[in-house]
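Look at TrEMBL and you will find HIS226 tagged as active site, proton acceptor. Feature annotation from TrEMBL assigns NAD(+) binding site to GLY50, GLY51, ALA52, GLY53, GLN54, ILE55, GLY56, ASN144, GLN151, VAL168, GLY169, ASN170. Annotation comment: TrEMBL describes ARG131, ARG137, ASN170, ARG201 as substrate binding site. Per TrEMBL, domain 'Lactate/malate dehydrogenase N-terminal' is recorded for 44-187. For 195-361, the entry in TrEMBL reads domain 'Lactate/malate dehydrogenase C-terminal'.
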Amino acid sequence: MSRNACPTKSTNLLQHSAFYETQFDCVILIKQWLEGKKIMTNRVKVAVTGGAGQIGYALLFRIASGQMFGPHTEVELQLLELEQALPALNGVAMELDDCAFPLLKRIVCTSDLNEAMRDINWALLVGSVPRKQGMERSDLLQINGGIFTKQGRAINDNAADDVRVFVVGNPCNTNCLIAKHHARDIPNDRFYAMTTLDELRAKTQLAKRAQVDVTAVTNMTIWGNHSSTQYPDFYNAKINGQSAATVIQDEGWLKEEFVTIVQQRGAAILKARGLSSAASAANAVIEGVTHLLNDTPAGDSYSMCRSSQGEYGVDKDLVFSFPCRTEQGKLTVVEGLEQNDYGHSKFEATLKELREERDMVKSLGLLDD
């Protein structure tokens, strides 16, 4: 048929079909664009304590770039520091401005606790007083206990109704326990403490030993306290779907070297670098909050400290690290994991330490009404 010839009926049908298909595609594109515009109106207010500290500095730029809440959520940062650290915090805010992050809509720098916690949806409690030479554990708990008592009350009085609290500052389990105790109007299941860094450390060590990619390691549970008593459970961890102990086939290394490496990793970094973990800790905060916000892949789990409901015999309300999953936005503890005698002894040791910390802060009056 020549280019000028009249089209046949079948040709007309084909042309009409192509026309309507094109129109349908346009409708889909417009719908997606409108949905995208709608999604982009979502905004989250995030309080970060210790904003001028090492972890805070490594963390804030990643939040502002969208790595924590995703590419369709705008962010307001409400940064808290001590009065004497405000000049440094203002410098961090200047750098954040200079990055011109499209998702970053507002920065507040303050030493006022109530201002920092006003209307927030997330509280990332990063700042805490580190243990110094000659300081007893009771001294550390008392100093930080006072800080987290005030923070819990400020969150309770000022935060949005949907606020969630993620504690990083150590001793994070017991600091979380104190904060949630003094935020009585906020449900216990909105409080978390971080063992994500320990989980990531453990995954890397197993992957290196097995000579596999780190993504092959799943179900890496850290039980208990974020301390040197934590138990990285290699028996229930999996490498390419099989028990890590079965794949590695070296229980001596797993029990002696692997567990010790994970438990002492923070101290090893401090000794090597002269400073505590910062970039890796900030990365773990991103990873931990991402776990809480997004559904967990089928068959996998992650580690998170949360308020116990009696799972695995842990005292109710104790903040303990469990294997967890997120499904439809809700965190649940994975139950039914078994422990052999070795695992049970490690589990009991870390549980004992957390009970001691709880009893100590009770005796210091930090859990009084």
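Yeah, the Cβs are placed from backbone N, Cα and C, and that goes for glycine too.
Here the structure is a predicted model, which means the values were calculated and not measured.
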I'd like to know the mean pLDDT over the domain 'Lactate/malate dehydrogenase C-terminal' (195-361).
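A mean pLDDT of 98 is what the predicted model shows over the domain 'Lactate/malate dehydrogenase C-terminal' (195-361).
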Please report how many Å separate the Cα atom of ARG131 (substrate binding site) from that of GLY169 (NAD(+) binding site), as a whole number.
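Answer for this pair: 11 Å between alpha carbons.
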Using DSSP, would you call ALA52 (NAD(+) binding site) helix, strand or coil?
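Once the DSSP labels are grouped into three classes, ALA52 (NAD(+) binding site) ends up as coil.
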Please list the DSSP helix, strand and coil residue counts for the domain 'Lactate/malate dehydrogenase N-terminal' (44-187).
65 helix, 28 strand, 51 coil
Spatial neighbours of ASN170 (substrate binding site) among the recorded positions ALA52, GLN54, GLN151, HIS226, defined as Cα within 10 A: which are they?
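Those near ASN170 (substrate binding site) - Cα within 10 Å - are HIS226, in sequence order.
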Taking Cα atoms as reference points, rank the binding-site residues GLY50, GLN54, GLN151, GLY169 by distance from ARG137 (substrate binding site) and give the first.
GLY169
Looking at Cβ-Cβ distances, which residues of the chain lie under 8 angstroms from ALA52 (NAD(+) binding site) while being 6 or more apart from it?
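Listed in sequence order, they are LEU79, GLU81, ALA85, ALA88, LEU89, GLY91, VAL92.
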Measuring Cα to Cα across ARG131, ARG137, ASN170, ARG201, which the record gives as the substrate binders, how far apart are the two most distant ones in Å?
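This binding site's residues have a maximal Cα-Cα distance of 25 Å.
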